[in-house]
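Novice: Attaching a single structure in structure tokens format; questions to follow.
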Amino acid sequence: MKLAVVSVAVLLVIVVASPVSARAGGYGDDGDDDTRSWFPLDNLLSLKYYDKICPNFEKIVDTKVKEWTKTDPSLGPALLRLIFHDCGVTGCDASVLLDHEGSERRSPASKTLRGFELIDDIKSEVEKSCPGLVSCADILAAASRDAIFQLKGPYWANAYGRRDSKTSYARDVEKVPSGRRDVTGLLETFQSYGLNVLDLVVLSGAHTIGKAYCGTIQSRLYNFNGSNGTDPSIDAKYADYLRRKCRWASQTVDLDSKTPVIFDNQYYINLMKHEGVLSTDQELLKDSRTAPLVAALALQPSEIFRQQFAVSMMKLVNVGVLTGEDRDGEIRKVCSKSNSGIY
Ligand code: HEM
């Protein structure tokens with residue numbers, strides 16, 4: 001109870017202090033040294049970037065996202081994960097989309113990423129109206145935002161003007177956290193993006209939608225830390241449920257078993273009941289830096305989570321962007337290939 005009271009106060013202070021309106025850029029906080037990851041971007045990305053050069057851009061993306069997710073609703077969560085895996089590696093530069101030997105996309109850790117065909121389809125449609133003007137990185141930012149909105153998530157105004165990377169290396173994929181880091185490791189990773197502890201807890205709430213492969217959580221269920229037993233931080237009944245759902249590594253389980261297709265704060269309620277699917281999720285309740293925020297987000301109406309999620313996403317989609325005349329960047333003609341085709 002005490003934890004809950006403290007946590008509500010903590011969250012309210014942070015949420016009130018957070019900029020809820022859309023804004024293109026960082027705020028120079030968090031003491032990050034990496035100039036590519038966090039610095040004021042006000043003159044680089046712009047809310048009006050496509051207003052004159054490709055006014056239909058967002059309309060095209062929205063229509064395509066609606067069309068594809070109607071046929072396959074699992075693409076919504078897939079797009080959200082895809083942008084995290086793009087921004088979390090070398091910044092939001094569409095490097096995750098390049099498809100050649102040795103690229104991020106070909107790394108074993110990227111095996112379960114999806115949504116590439118939808119992005120390719122959007123790109124070819126956008127190219128018909130505005131050839132050579134819209135980057136794949138901007139398409140990914142717009143499409144993931146629209147996909148979240150389709151799932152009753154928040155909406156925010158995106159700033160655009162990202163350029164696409166010319167390179168992509170599988171070895172860089174280790175920068176994105178997998179399911180087995182402790183909170184210190186997660187915080188260090190998020191800090192390297194210029195994101196803080198609130199961003200970590202709030203963006204982890206993306207696991208209120210989507211699925212995990214049973215292979216990803218098998219060790220938690222059957223052989224936790226080589227013990228031949230179950231991870232003691234999972235509720236016993238919930239562990240039974242997961243074992244019933246997970247007969248094979250190739251099966252999947254909802255990351256939020258209660259409201260798997262609604263973008264709400266149920267993820268945090270689940271964590272409070274020790275019903276987190278990934279160990280990195282449940283860890284957030286064990287650590288004194290993150291537990292009060294988990295409790296607060298569980299107790300508060302979903303709207304608080306949704307608003308803060310929009311704020312943290314606006315920060316995430318600005319991480320390490322290539323802009324302006326940056327020579328490392330280009331506007332790819334096809335999202336899976338660099339324009340030169342040389343790697
Ligand atoms: C905090 C560190 C994070 C870790 C360790 C992590 C790890 C994972 C893992 C292991 C899966 C299951 C993948 C599989 O079994 O194939 C997953 C799924 C997912 N992740 Fe994360 N994730 C993290 C943060 C994020 C963030 C920041 C976002 C987005 C903002 C995100 C969005 C998703 C989504 C939507 C899915 C479901 C994908 C689908 O259904 O296709 N994750 N994550």
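The backbone N, Cα and C atoms fix where each Cβ goes, glycine too.
Unlike curated entries, TrEMBL annotations are predicted automatically.
According to TrEMBL, the domain 'Plant heme peroxidase family profile' annotation covers 44-339. Look at TrEMBL and you will find Cys54-Cys130, Cys87-Cys92, Cys136-Cys335, Cys214-Cys246 tagged as disulfide bond. Look at TrEMBL and you will find Arg81 tagged as site 'Transition state stabilizer'. Per TrEMBL, the feature active site, proton acceptor maps to His85. Among the features that TrEMBL reports, heme b binding site is placed at His207. Feature annotation from TrEMBL assigns Ca(2+) 2 binding site to Thr208, Asp256, Thr259, Asp264.
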Novice: Highest CB neighbour count within 10 A among the binding-site residues Asp256, Asp264?
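Specialist: Sorting the candidates by Cβ neighbours within 10 Å, the top entry is Asp256.
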Novice: Other than Thr208, Asp256, Thr259, Asp264, which residues of the chain come within 8 Å of the Ca(2+) 2 site, judged by Cβ distance to the Cβ centroid of those residues?
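Specialist: Near the Ca(2+) 2 site, the remaining chain residues are Ile209, Lys258, Pro260, Ile262, Phe263, Asn265, Gln266, Tyr267.
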Novice: Do me a favour and check the Cα-Cα span between Cys136 (disulfide bond) and Thr208 (Ca(2+) 2 binding site); whole Å is fine.
Specialist: 26
Novice: Which recorded positions of Cys54, Arg81, Thr208, Cys335 contact ligand 1 in the sense of C-beta under 6 Å?
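Specialist: The qualifying recorded positions are Arg81.
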Novice: Where among the disulfide-bonded residues Cys130, Cys136 do you find the Cβ with the fewest other Cβ atoms within 10 Å?
Specialist: Cys130
Novice: Name the one residue among His207, Thr208, Asp256, Thr259 whose Cα is closest in three-dimensional space to that of Cys335 (disulfide bond); these are the binding-site residues.
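Specialist: Spatially nearest to Cys335 (disulfide bond) by Cα position is His207.
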Novice: Taking just the CA atoms, what is the gap between Asp264 (Ca(2+) 2 binding site) and Cys214 (disulfide bond) in Å?
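Specialist: The Cα atom of Asp264 (Ca(2+) 2 binding site) is 23 Å away from the Cα atom of Cys214 (disulfide bond).
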Novice: Restricting to the chain of Thr208 (Ca(2+) 2 binding site) and a gap of 6 or more, list residues whose Cβ falls under 8 Å of its Cβ, or answer none.
Specialist: Leu255, Asp256, Thr259, Ile262, Phe263, Asp264, Asn265, Gln266, Tyr267
Novice: Using only C-alpha positions, which one of His85, Cys87, Cys92, Cys130 is spatially nearest Cys246 (disulfide bond)? These are the recorded positions in the record.
Specialist: His85
Novice: Quick one: pull the CA-CA distance for the residue listed as 'heme b binding site' versus His85 (active site, proton acceptor), whole Å only.
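Specialist: That separation, Cα to Cα, works out to 14 Å.
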